[in-house]
Amino acid sequence: MAVTTNTVQTLKNFVNGQWIDSQATDFLEVPDPATGIVLASVPISTKGEVAEAVKAAKAAFKTWRKVPVPKRARILFKYQQLLTKNHESLAQLVVKENGKSYKEAYGEVLRGIECVEFACGAPSLMMGDSLSSIAEDIDSEMFRYPLGVVGGITPFNFPMMVPCWMFPLAIVCGNTFVLKPSERTPILANRLAELLHESGLPQGVFNIVHGAHDVVNGLIDHNDVKAISFVGSQPVAKYVYEKAAAQGKRVQALSGAKNHHIVMPDAELDKAVQNVLSSSFGSAGQRCMACSAVILVGRQDSFVEALKEKADHMKMGSGLDDEVLLTPVIRQSHREKVLGLIQKGQEEGAVLVRDGREDMERHPDGTFLGATIFDQVTPEMTIAREELFAPVLSILRANDLDQALDIVNSSRFGNSATLYTQDAKAVRQFREEAEPGMLGVNVGVPAPMAFFPFSGAKDSFYGDLHANGKDGLNFYTRKKMITSRFV
Ligand code: NAD
């Protein structure tokens, strides 16, 4: 809903170390998804405002790239301290604008801090390679250099962690950065900028331009933006990847998902049920690593019964309530879309074991949807193929691991998959044959930590170098070779 309002805080852009009122004529409300109370108004900034931010970032690059690497890292050490000191208030902000539980938000902030900690290792990470005597009296050395201005575009579901996948490593490598946060969860980004500047970052190195499509296109189309880091839904990831790559930019575009959990007959049932429950319904299913489809190998009706029983007892409500597990989805428009897909699941013949629509009335102010479980789902059904990004779980059946893997690999997505078993042989087959890039064994959310790549595959990732780890370092640096002879 586009509004102009003076009753709530209007977010400013952050350009060249200054908080700037946007010249936007359109603004969006940012409501708390649990209550509907409007927290802020976010400007839908223009392409011209993107150009101003890129200009500042380009100017800052001239000097920032020459700041010694240990000195750049020292600023991030200070940032790590400030983020840690503010851990609780940052988590509360995540709960307010995103709706997830405080426990989830606290964990998310920690994941963000870990990215900063990884970036603090820049003096070691950025080391090059050398070899003397590659030929008679000739030596070769490789040095790493930053690229220039990098653009970052982020989704609503991790307002802290996903930006932290990008800018700490990018700037410690000597790049300068323009962030376009999600217009649905834009508030925390400004707090990240405040703390970054309290850490001593020079002006222009990190900038924020709030908005939507125009800002994204403004970054992609700008000649002085050398690389784009994107995280978001599949159609937009593909669009951003193709458009930016066609203009010769480096792009990493992390995309949507459909994550399968295979439950083998020998799995520890209680643990598998608990893992699936929190993976599928935690953060209202709005995680790119959420389990959205379970494949039961053998009949295992007891799994469905146990899962339904636990889902019936999950408390739904505000993420600030410690006992709450089920929190709201992000917006009414998103809930409407999901309700349509639940309807479609019924029409296509899936059996509704638990209907979360019945829980909605208990919280009329927020955008809640109860835990929804479909059984007898087949791989062709829409709910089995599409990412719903909601607390809706599909249960499929397979005769054996081969058939279960066929279902996993028939998905166009390839973010993650999990296997529940105690059988090492099954684990090996799963590791060798499953196509997704992030696998779990008896782990519900197998998200790699900051020093490993976040390695989605197929339509869950467009590009060559993933976020985080050595991939992230390689993405944000280019290499230069020098071959010398003095004799
Ligand atoms: P989204 O695609 O709607 O938005 C992501 C960003 O793209 C936002 O900043 C938005 O302003 C911008 N955008 C949206 N539509 C655009 C368009 N047509 N043109 C240009 N820019 C546009 O995604 P979302 O709903 O905010 O986030 C949820 C999605 O992100 C899910 O699909 C989820 O799986 C995915 N995600 C993936 C990962 C991963 O690591 N693979 C991590 C987190 C989220």
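Placed from the backbone N, Cα and C atoms, the Cβ positions cover glycine too.
As annotated by TrEMBL, active site, nucleophile applies to Cys288. For Cys288 (active site, nucleophile), the number of other Cβ atoms no farther than 10 Å from its own Cβ, over all displayed protein chains, is 27.
Within the same chain, residues at least 6 positions away in sequence whose Cβ sits under 8 Å from that of Phe156 (NAD(+) binding site) are Asn98, Ser182, Arg184, Thr185, Gln286, Ile330. Sequence annotations record features per position, and here TrEMBL assigns NAD(+) binding site to Phe156, Lys180, Glu183, Arg184, Glu387.
What TrEMBL lists as domain 'Aldehyde dehydrogenase' is 19-482. Averaged across the domain 'Aldehyde dehydrogenase' (19-482), pLDDT for the predicted model comes to 98.
The distance from the Cα of Glu183 (NAD(+) binding site) to the Cα of Cys288 (active site, nucleophile) comes to 18 Å. Separating the Cα atoms of Glu387 (NAD(+) binding site) and Cys288 (active site, nucleophile) is a whole-number distance of 9 Å. Here the C-alpha separation of Cys288 (active site, nucleophile) and Lys180 (NAD(+) binding site) works out to 19 Å. Largest Cα-Cα distance over the residues recorded as binding NAD(+), namely Phe156, Lys180, Glu183, Arg184, Glu387, equals 24 Å. Counting only same-chain residues six or more apart in sequence, the Cβ atoms lying under 8 angstroms from the Cβ of Lys180 (NAD(+) binding site) belong to Gly151, Gly152, Ile153, Thr154, Ile208, Val209, His210, Gly211, Val215, Val216, Leu219.
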